[in-house]
């Protein structure tokens with residue numbers, strides 16, 4: 001007997017019935033400690049966490065390479081850490097330390113936030129370890145060449161590839177599985193997974209679409225998607241492309257690829273996508289995103305059906321009182337106003353079209369329609385202390401436009417065009 005779902009549906013929102021949440025993952029706490037510059041994140045972000053190692057028990061916890069188990073990698077100078085290669089490091093020793101690290105950084109067994117593993121030194125697929133990551137292929141070949149005699153170069157290549165990929169998969173899969181077992185209410189996944197590899201923005205007639213080969217390689221990572229409980233793609237954009245349609249296409253296809261992967265798994269629901277972005281541009285951290293690029297990243301993510309976004313930042317943001325003040329000003333004005341706008345507009349659409357039982361997704365995925373409160377009907381005013389006051393309501397015409405431009409993607413347990421009926425399994 002096969003039981004199948006009668007409707008494709010999303011997992012329930014992480015926070016209440018919020019269809020699109022804002023999450024913070026930057027060390028702004030240092031601004032208070034060092035310069036007494038305080039920003040009230042709770043007014044804008046549904047959940048938050050500082051990536052500093054000293055902080056534990058946070059709703060957003062990011063595990064860098066040195067904070068979770070015995071992650072094997074090579075430094076920029078070619079020095080091996082924890083054996084350098086996954087096939088040269090004890091998986092059991094790694095998992096034992098991972099167990100301790102999870103209990104340290106996420107002490108509560110009731111943790112219900114985001115748990116993001118940030119392992120970027122190597123990729124689990126042999127063919128994706130290009131450029132600086134080629135050292136993992138070279139060292140893997142060296143291990144085989146030293147262990148065997150009378151083997152041909154092609155045999156070395158095949159043995160090295162198999163051993164690396166088998167061990168890399170085990171490290172990633174067993175690690176995230178341990179996380180989901182220890183903190184089952186949290187949403188676990190790897191930063192930058194899935195990746196669309198559509199970085200060729202300078203090409204003539206750039207469309208942003210993911211190369212077919214890279215999408216096929218993402219399909220091969222089904223073992224990772226089945227073990228994860230959330231996806232964390234990134235849409236960090238460059239200043240050289242400020243306000244360009246290329247930024248829109250770059251972000252759009254990266255989010256769409258994550259949403260595609262979310263539907264492939266063996267889970268009973270589509271994995272939620274939380275899109276990582278930044279206050280500033282990838283190549284200039286203190287040059288903050290324009291309103292147009294906020295729309296190209298955060299706005300695009302909301303309109304396509306992501307579950308939320310995460311703003312990441314490093315110590316550059318807090319390296320001086322000037323930088324801290326600049327971050328606070330950005331939060332209190334342009335960024336804060338946009339976050340309030342897009343999150344509340346997504347909620348209005350969910351309430352109206354989906355009875356708060358689903359999120360609104362564009363009917364035409366490439367159309368220029370966004371979750372934005374109408375300037376004719378709403379006013380967003382700063383109220384001081386980093387908070388905003390929203391007044392107004394949608395007109396009948398604006399609600400009709402919502403129904404024309406968006407449709408509902410229901411949460412698990414709900415079905416129907418308006419998500420107003422219970423989703424019962426069909427028995428075949």
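Every residue gets a Cβ built from N, Cα and C, even glycine.
Nobody curates TrEMBL annotations by hand; they come from automatic prediction.
Residues or ranges marked as disulfide bond by TrEMBL: 31-324 (among others). Classification of residue 31 (disulfide bond) by DSSP places it within a helix.
According to TrEMBL, the active site, proton donor annotation covers 120. When secondary structure is read from DSSP and collapsed to three states, residue 120 (active site, proton donor) falls in the coil class. Cβ neighbour count for residue 120 (active site, proton donor) (all protein chains, 10 Å cutoff from its Cβ): 12.
Look at TrEMBL and you will find 196-210 (among others) tagged as disulfide bond. Of all Cβ atoms in the protein chains displayed, 21 besides its own lie within 10 Å of the Cβ of residue 210 (disulfide bond).
Look at TrEMBL and you will find 341 tagged as N-linked glycosylation site. Within 10 Å of the C-beta of residue 341 (N-linked glycosylation site) there are 23 other C-beta atoms, taking all protein chains into account.
Non-local neighbourhood of residue 360 (disulfide bond): 19, 346, 349, 350, 353, 354, 371, 402, 406, 407, 408, 409, each in the same chain, at least six residues away, with C-beta under 8 Å from its C-beta. For 349-360 (among others), the entry in TrEMBL reads disulfide bond.
Neighbours of residue 408 (disulfide bond), defined as other CB atoms within 10 A of its CB across all chains, total 25. The annotation disulfide bond is assigned in TrEMBL to 354-408 (among others).
Annotated disulfide bond per TrEMBL: 410-419 (among others), in sequence order. Residue 410 (disulfide bond) falls within a strand when secondary structure is assigned with DSSP.
If you take the C-beta of residue 324 (disulfide bond) and look for same-chain residues 6 or more apart in sequence within under 8 angstroms, you find 28, 30, 31, 34, 35, 37, 317, 318. In the three-state DSSP assignment, the secondary structure recorded for residue 324 (disulfide bond) is helix. The Cβ of residue 419 (disulfide bond) has 354, 355, 357, 358, 408, 410, 411 as same-chain neighbours under 8 Å, each 6 or more residues away in sequence. Residue 419 (disulfide bond) carries neither a helix nor a strand DSSP state and counts as coil. Cα to Cα, residue 196 (disulfide bond) and residue 120 (active site, proton donor) are separated by 15 Å.
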